[in-house]
Number of protein chains: 2
Amino acid sequence: METRDMLWSGWGDPGLAAPLPEPVAGLLRDMLGVRPAERPPADLDGVGVPACRLDDGDLTALAKVVGDSNVRADAETRVRHTRGKSTPDLLRIRAGEAADAPDAVVLPGSHDEVLAVLRACAERRIAVVPFGGGTSVVGGLAPSADGAADGAGTGGGGFVALDLRRMDAVVSVDETARTAVLQPGLRAPDAEARLGERGYTLGHFPQSFEWASIGGFAAARSSGQASAGYGRFDDMVVALTVATPEGTLDLGRAPKSAAGPDLRQLVLGSEGAFGVITSVTVRIHPVPEAREYEGWRFASFGEGAAALRRLAQDGPLPAVLRLSDETETVVGLADPAAIGTPGGAGASAGCLAVLGFEGTARGVAGRRTEAAEALRAAGGEPLGTGPGEKWAHGRFNAPYLRDSLLDAGAFAETLETAAFWPDVPRLYDAVRSALIGALSGAGTPPLLMCHISHVYPSGASLYFTVVSAQGADPVAHWDAAKRAANDAIIDAGGTISHHHGVGTDHRDWYAREIGPLGAAVLRAVKERVDPAGIMNPGVLVPPAAEE
Amino acid sequence: METRDMLWSGWGDPGLAAPLPEPVAGLLRDMLGVRPAERPPADLDGVGVPACRLDDGDLTALAKVVGDSNVRADAETRVRHTRGKSTPDLLRIRAGEAADAPDAVVLPGSHDEVLAVLRACAERRIAVVPFGGGTSVVGGLAPSADGAADGAGTGGGGFVALDLRRMDAVVSVDETARTAVLQPGLRAPDAEARLGERGYTLGHFPQSFEWASIGGFAAARSSGQASAGYGRFDDMVVALTVATPEGTLDLGRAPKSAAGPDLRQLVLGSEGAFGVITSVTVRIHPVPEAREYEGWRFASFGEGAAALRRLAQDGPLPAVLRLSDETETVVGLADPAAIGTPGGAGASAGCLAVLGFEGTARGVAGRRTEAAEALRAAGGEPLGTGPGEKWAHGRFNAPYLRDSLLDAGAFAETLETAAFWPDVPRLYDAVRSALIGALSGAGTPPLLMCHISHVYPSGASLYFTVVSAQGADPVAHWDAAKRAANDAIIDAGGTISHHHGVGTDHRDWYAREIGPLGAAVLRAVKERVDPAGIMNPGVLVPPAAEE
């Protein structure tokens, strides 16, 4: 495979893995009760994959479509396509457990090959999991039998991961429409590099940027760190092509239309449950002439949130706009060694906001000045560009840090939600209470941090990070905490995910969010385009029994 | 009924009807071959409504839900709910033909009453046409039997118009989220007045503004004249409640979410085919402190379009941004008496762009200055505020003018589309050719005008106005021209409607736009929420036979 592979047992480039400095490890031990794991992680060779459930006839039928070399059933390839990158996913694979491994990995090279693979799989009742960057943190790559119709999928027929890495072209760039046609397997950094050669950018920089794919962004309704300036990925998409077991959907003849429901918005967020996105036409922007990042301090999270709301509603809106709560501010501002010393240097840190302005030099200067007026009026204290640059420099680092924490015996995970502004304080309190309650039982309280990661005129998202001791059974321990947090989110009026998606992990709460009739509508759509129920079974679409 | 009624045979306030000045009528006669109609329009009393197909049991069942006084089957009420306001609709009703009259009009007062009406109608196989302002111009209020499942609807069971005027409350205004919860029967001017009392505006001003309703805006995916500044109506909606024959959909817990497809966008544009929108939560904005409208002249439509594109892509974006082609510029700039003298004063008129800036005084001034730089660089010549004020003053007048033209024996109609920027010139030429070809056969060529009415970074809409002689059978004559234009739109890559909707008139071309699988998906959704096929049968959803 030409595309580089991510660390199978963690995040990112295997060469970048590094242990935590010993002083940090010591503080984790003292403050959070973190103890070194009893067993080192398994080696790749030591991961046990189940026997392949596909027979020779299945593999031959698939190879007939994509060619022999593009059907892989070796153990390493299967392990590398097992689940995604949530912390429970990593803990399981590090323990050598790969029960959810695909039975084979298929690499199609074109829309027509995808269609043919889906037809062959529907006929043979083989489930299909579309696989882009493999960065799902919500169980989006681990199908389950209860989502499959008619005995398909993991009910015994096995499943294939449909790895789209061969479909990685920038098909065309239209400078008049300021759009580009991208294939789904294109990785985000490659998209940026190739658009950048022509002077353009997508402006889409989620934390998964280094590894995620264009098709994944669309399928998972991704939202990048600069969403205030460039929009979410679902705002960027103007046209889509989707291969389903029942044929092709070609959507989007104009930026906006009054011709019926916007079916593009039915595909965005469909997480492979309806079909495979094989082409995405996105808006592009000239590479900004200027980029300026800066920090502001607010006395409290509430005061800072009000200031962000002011910018979201009345402008000027920076491209990046985020606000850490008190704990995250202390942890982020301080030297890593200061984690857990809130009575020390961090006590008067307040809450840090990061603003990033991008555009023409004149536009950036004008908006910065105007925003500064508004933020000062809202109680903000300017901290200069230092905190902004620091954030921008480390913007994709958190998942690497998680690997180091896991290596050190700590547990680290994130979750996120969004709501309308009046519900945000209640949502913040409810999720914190749920997590602290559930995680404190078995040891020291967790370190719990939060930031507002995306803002809109009518509301905002909240992104929580939890660090704790792993304990004896961290997967089960987190499962209970995550369930409590999900309940709290739904009860407090939030959405079960602002940018991570539904997958299998959020499906039961998603069913509550959209209600029984909403779930029934999704099932009706799925049954029409995927009557055999082979597409990512168990992901997204609530089964009828749950209504 | 408390809500004022529109002129049954035309547009707007009956008191505002006025004949064309005789010089204009003379020019229409000389240039376009317009002749006075042979028969004057029918009186309201002279309109023939078909016998009511509902029996006493039906009417009693409905009255049991909404009360006796809220079920009306008198001739006047039925005529006033017959079809919408397209020119063929007006020509038919003026000729005394009301074959499409609803069998009764039902006025529910709450979401629960709507649900109960739908259940009763599903049981009795009575079709239901949701009725807001009654301003559809695409046959959205005239159900047809071919869209009904299972013998429901106009296949013999009759249909009711569900007039939502009793549900006209501003339920709540949330100043923190900058949102308002509105009932569907609220008329736009009432919404503006009541929000205005609190210092807010929706910013939604389509040409139908004076009569259209909030529910209609949502159901028809409306786009207002200030869409560049405030967004389309589908951009404004953050939450929706929908009553369907199978229950309630409650959608929208956050401004944006990654939890699955955006089901709000499946309801927006659903035109009553899935259910009745009973609550709409929309974004609101502070009433702008300043409003400045101005005109710019460009040498050609192409040059002007490039200038608009420049603003749409790189800003600053005014709230209103439109560009008339050469013919519309001449007709609009000149005295009405100058229509048809393009060799005269209008010859060097070029193309008129209207820009409207709204916001804080400082923001308006800044954006005007910056826009002026960009427009000058793009070849524009500033015309000052005169043409802008003139446009703003007459922005809702065109439908009144149409009534006067019809009275004078002329035919006048509009149609619209949208596409990505590179397709716009071809689309413009194709629609013009189709209309001129189809309408020139039976007399003098039509007067054909066009403007870009809405712009986006990746494309724009085109809005065409046709004025011609009525001829012997104007409905049939226009039908052929409209079909030719629709074919041209689809063949040239445009969408069949940017803001008028699909209704019954555009349905066959909409089927081509979304393809057979897209149509099948819509049918699957409809069959799930409306298994009896009672909801606005024939509207929007292409029947299976058309795949």
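Yeah, the Cβs are placed from backbone N, Cα and C, and that goes for glycine too.
Annotations in TrEMBL come from automatic prediction, not curation.
Summarising the annotation, TrEMBL assigns domain 'FAD-binding PCMH-type' to A:98-287. Taken together, the residues of the domain 'FAD-binding PCMH-type' (A:98-287) have an average pLDDT of 94.
Packing around A:V276 (FAD binding site) is summarised by its Cβ count: 28 other Cβ atoms lie within 10 angstroms of its Cβ, all protein chains included. Under the DSSP three-state reduction, A:V276 (FAD binding site) is assigned to strand. Annotated FAD binding site per TrEMBL: A:P130, A:F131, A:G132, A:G133, A:G134, A:T135, A:S136, A:E271, A:G272, A:A273, A:F274, A:G275, A:V276, A:I277, in sequence order.
Cβ neighbour count for A:R322 (site 'Important for enzyme activity'): 24 (other Cβ atoms within 10 Å of its Cβ, all protein chains included). DSSP classifies A:R322 (site 'Important for enzyme activity') as strand under the three-state reduction. Summarising the annotation, TrEMBL assigns site 'Important for enzyme activity' to A:R322.
Residues annotated as substrate binding site in TrEMBL: A:R402. Every protein chain considered, the tally of other Cβ atoms within 10 Å of the Cβ of A:R402 (substrate binding site) stands at 22.
The active site, proton donor/acceptor annotation in TrEMBL covers A:Y463. Following the DSSP three-state reduction, the secondary structure of A:Y463 (active site, proton donor/acceptor) is strand.
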Which same-chain residues, if any, lie at least 6 apart from A:G272 (FAD binding site) yet have Cβ under 8 Å of it: A:V128, A:V129, A:P130, A:G140, A:A219, A:M535, A:N536, A:V539
For A:S136 (FAD binding site), nearby residues of its own chain (Cβ under 8 Å, 6 or more apart in sequence): A:R83, A:G84, A:K85, A:S86, A:G216, A:A220, A:G501, A:G503
Three-state secondary structure, A:P130 (FAD binding site) (per DSSP): strand
Diameter of the FAD binding set by C-alpha atoms, the set being A:P130, A:F131, A:G132, A:G133, A:G134, A:T135, A:S136, A:E271, A:G272, A:A273, A:F274, A:G275, A:V276, A:I277, in angstrom: 19
Residue with minimal Cβ packing [other Cβ atoms within 10 Å] among the recorded positions A:F274, A:Y463: A:Y463
Cα-to-Cα gap, A:R402 (substrate binding site) vs A:G132 (FAD binding site), nearest whole Å: 22
Sparsest-packed among the binding-site residues, when each Cβ's other Cβ atoms within 10 Å are tallied, from A:P130, A:G132, A:G134: A:G134
Cα-nearest neighbour of A:Y463 (active site, proton donor/acceptor) within the listed recorded positions, A:G132, A:G134, A:F274, A:V276, A:R322: A:R322
A:R322 (site 'Important for enzyme activity') and A:V276 (FAD binding site), distance between Cα atoms, whole Å: 33
Rounded distance in angstrom between the Cα atoms of A:F274 (FAD binding site) and A:R322 (site 'Important for enzyme activity'): 34
